[in-house]
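These notes concern the structure reproduced below.
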Amino acid sequence: GTSRQIPQTIIIGVRKGGTRALLEMLDIHPNIVVAATEVHFFDWDENYVKGIDWYRNLMPFSYGNQITIEKTPGYFTSPQAPGRIHDMNSSIKLLLILRDPTERVISDYTQVYYNRVESHKPVQLFEDIVIKNGVLNTKYKAIQRSLYDVHMEKWLKHFSLDQIHIVDGNTLIKDPLPELQKVEKFLNLPSRIMASNFYFNQTKGFYCIRSDGRERCLHESKGRPHPLVNSTVLEQLYSYFREHNAKFYRMVNHSFDWH
């Protein structure tokens, strides 16, 4: 009695915002099934041309009372994704998980840094990438990805604000349950995720998941320690994002506890 369904909900981003944590925590819910991998259907042309049946075949099998969710953090910053998702389903519900934009930039750098170290490629200091000729390198991709107002504008051209639920990534890590209860409500699902589904792992410094008698933590590539960043550089980043953040708060009628 199961079949593969096109997702009724998509986690559209943001990269290094906590999308994997959100997906795995939602997977606890009996009425949710999740795609195992990032599909990159709506942001990569070479996948999009393969068509909707190709996309559906990458989804897990589900029962009629279950919601299928996929997550691809690249969607949020993709110019094509909002229109393509709207063409597929104009009434879809979208989940966007965000965190302090400066923290997100540092996390973005950290992931690339470790990937390069593991591939024996040369690495640069954070400050040497972020500052060019004494000024902030605003063309740095990680900084561009943190301009939430710029990207949100594209989504609001295709979707109403009540179709996009914003999860606070900073809060999800510190206290997952209230954020997940808001998502349950947004998706019109019965409340099934409980405090007992989480336990704090002292070694890792964040919450792990307990469900179906099993315990699991996020992959070791998640929650890696950030480099210590020069305080002057941090201030330059805070200052640069301040106006963008204020504009974003106005767009979504909600403020966040960001620098």
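Glycine residues also receive a Cβ, built from the backbone N, Cα and C atoms like all the rest.
Note that TrEMBL annotation is computational and uncurated.
According to TrEMBL, the active site, for sulfotransferase activity annotation covers K16. Within the same chain, residues at least six positions away from K16 (active site, for sulfotransferase activity) with a Cβ under 8 Å of its Cβ are P73, R99, R104, S107, D108, Q111.
As annotated by TrEMBL, 3'-phosphoadenylyl sulfate binding site applies to K16, G17, G18, T19, R20, R99, S107, Y207, K222, G223, R224, P225, H226. Cβ-based neighbour count (10 Å, all protein chains) for G18 (3'-phosphoadenylyl sulfate binding site) stands at 29.
Using a 10 Å Cβ-Cβ cutoff, C217 (disulfide bond) registers 16 neighbours. Annotated disulfide bond per TrEMBL: C208-C217, in sequence order.
Among the features that TrEMBL reports, domain 'Sulfotransferase' is placed at 7-244.
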Q: Would you pick out, from the binding-site residues R20, R224, H226, the residue whose Cβ has the largest number of other Cβ atoms within 10 Å?
A: R20
Q: Have a look around C208 (disulfide bond) and count the other CB atoms within 10 A of its CB, chains all included.
A: 16
Q | Cβ atoms near S107 (3'-phosphoadenylyl sulfate binding site) (within 10 Å, other residues, all chains) | A | 22
